[in-house]
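Novice: So TrEMBL says this about it:
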TRANSMEM  6-27  transmembrane segment
TRANSMEM  65-86  transmembrane segment
TRANSMEM  92-113  transmembrane segment
TRANSMEM  125-149  transmembrane segment
TRANSMEM  155-183  transmembrane segment
TRANSMEM  246-269  transmembrane segment
TRANSMEM  289-306  transmembrane segment
TRANSMEM  327-347  transmembrane segment
TRANSMEM  367-384  transmembrane segment
TRANSMEM  391-408  transmembrane segment
TRANSMEM  437-455  transmembrane segment
Amino acid sequence: MGGTEAYGFSAAMSGVFLLSCLLFAAINRGQRGPYMDEAFHVPQAQAYCQGRFLQWDPMITTLPGLYLVSVGIVKPVAWLCGWTGSVVCSTGMLRFINLLFSAGNFYLLHLLLSKIHQKNKAVSGFQRILSTLTLAVFPTLYFFTFLYYTDPGSVFFTLFAYLMCLYGNHKTSALLGFCGFMFRQTNIVWTAFCAGNIVAEKLNEAWKTELQKKKDEKISFRKGSFSDLMRILQFLLKYLTSPKNLVTLTALTWPYIILVTGFFVFVFINGGIVVGDRSSHEAYLHFPQLFYFLSFTVFFSFPHLLTPSKIKKFLLSLRKHPVQYSLITAISLFLIWKFTYVHKYLLADNRHYTFYVWRKVFQRHELVKYVLVPVYIFSCWSFADTLKSKSIFWILMYFVCLLAVTVPQKLLEFRYFILPFLIYRLNIPFPSLYRQLLELAFYIAVNAITLYVFLNKTFQWPNSDEIQRFMW
């Protein structure tokens, strides 16, 4: 990082942190007590603060990483500052932990952008800072900076693990992946993603060597050639069934293998991935979740994905490959027909935006979910098109992880899309300065609206005096 970029980065990070502190103060004045899931998280953390580590709320479904980190930070600070009584591990103090995680995420996002795009000399320091700023205020993540939820910490440890993986510190990466797992069990998928990065790199090297042997052959998979797809699958099968290659890959990825093996042992002993309330968090083959994620990504990345040139390019692709798209449409319709599930929380809790998305869009008519298939197909095509700078093996690995982290979820919850979105956004090419500024302005507008609504548009349920607020 050059001198000018370092000063610019420091100014941007300090400015965001100062603004976040002001918003944090406003939100804590407006909502002093625990709200929504905080009603479970805050008392649990306070029990840990008091040394009651065997106490556990059976409604909590995640492991105690957030509470352990909170106690590890708050208790020493309280001792150094001489704080006693209710201020120690108060709701506000615990929420402040996520403000610290948010600052850490800002730093990690800049390091990741610099590392991933280090070969692109055309990208200026200002563009890196601008993209960092944009991703740091990504609305679904930024909102939970001000509440005591697992999301900022989950993102912090996962991004940190990814960064260490890219730098080749795989033991450290696996350890950080374990920390991420302690915040949310599904983060084990991103540990596998880190291992997949190594595998994809080795596969790409071997594939280039294979093509070099046959200079007359060129990879044209991205053009949609079925024969090229079969050739790649044959290569994968041959490479991954070679004992020599398997030994090499195992030697490179053993820290991740140990962690993933430990995860399966945990699932076996625990009787499932969820701790606590399992009845509301059962695993399903909910394939439309992938469609929801792709639509979510197009919405938040519309300056990159929803452009006239992309739409024109997509229409040309439709005309060129009508049979393939017809088959994809038929499969999509079947998956929606047979694998659409509606969680009881989605229908019952009118405090979440997903409640209104479902009611205003999907519940308007039974056929709406099928009518949206062309939107899903375009979203998928545009999503994949922006990743074409990555190797085909990286893309396959990412899509496998994306399926693993979205499809088993029955509940439509935008928070579950944060990490796959950030990983995707970090790896696409830098857009033009105009599109970056448009994206940032859009995120700022969404944050301003959602935080204003949360603070000022309160309501009450019938037969209840408790103030309710709208949120992600």
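Numbering starts at 1 and runs along the chain as it is shown here.
Positions of Cβ are set from backbone N, Cα and C atoms, glycine also.
Computed from a predicted structure; not experimentally measured.
Thinking about packing and proximity, how do these listed features fit into the structure?
Specialist: Same-chain neighbours of the transmembrane segment (92-113): 9, 13, 16-17, 20-21, 24, 28, 32, 41-42, 45-46, 66, 69-70, 73-74, 128-129, 131-133, 135-136, 141-142, 144-149, 151-153, 155-156, 159-160, 162-163, 166, 422, 426, counting only residues six or more beyond its ends whose CB sits under 8 Å from a CB of the stretch.
Away from its own ends, the transmembrane segment (246-269) comes close to residues 170-171, 173-175, 177-178, 181, 185, 188, 191-192, 194-195, 198-199, 202, 240 of its chain (Cβ-Cβ under 8 Å, at least six residues beyond either end).
Long-range contacts of the transmembrane segment (367-384) within its own chain (CB-CB distance under 8 A, at least 6 residues past either end) are made by residues 288, 291, 294-295, 297-298, 305-306, 310-311, 314, 317, 325, 328-329, 332-333, 336-337, 340, 361, 395, 424.
Counting residues 6+ beyond its ends, the transmembrane segment (391-408) has Cβ neighbours under 8 Å at 186, 189-190, 192-193, 196-197, 199-200, 203-204, 207, 219, 221-222, 232, 236, 283-287, 289-290, 292-293, 384, 416-417, 419-420, 423-424, 427 in the same chain.
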Novice: Return the stretch with the most CB pairs under 8 A relative to the transmembrane segment (6-27), choosing among 65-86, 289-306, 437-455.
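Specialist: It is 437-455, which has the most Cβ pairs under 8 Å.
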Novice: Hey, which of 125-149, 155-183, 289-306, 437-455 has the most Cβ-Cβ pairs under 8 Å against the transmembrane segment (65-86)?
Specialist: 155-183
Novice: Considering only Cβ pairs under 8 Å, which range in 125-149, 155-183, 289-306 makes the most contacts with the transmembrane segment (437-455)?
Specialist: 125-149
Novice: Let me spell it out: take the transmembrane segment (155-183), skip the flanking residues so only those 6+ beyond its ends count, and list any with a Cβ under 8 Å from a Cβ in it.
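Specialist: Cβ under 8 Å, 6 or more out: 62-66, 68, 101, 104-105, 108-109, 111-112, 115-116, 141, 190-191, 193-194, 197-198, 252-253, 255-256, 258-259, 263, 418-419, 422-423.
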Novice: Could you tell me what the rest of the chain brings near the transmembrane segment (125-149), counting residues at least six beyond its ends with Cβ under 8 Å?
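Specialist: 1-2, 4-5, 8-9, 12, 16, 20, 23-24, 27-28, 34-38, 41-42, 45, 66, 91, 94-95, 97-99, 101-102, 105-106, 109-110, 113-114, 117, 155, 300, 414-415, 417-418, 421-422, 425-426, 430, 433, 436-437, 439-440, 443-444, 446-447, 450-451, 454, 471-472.
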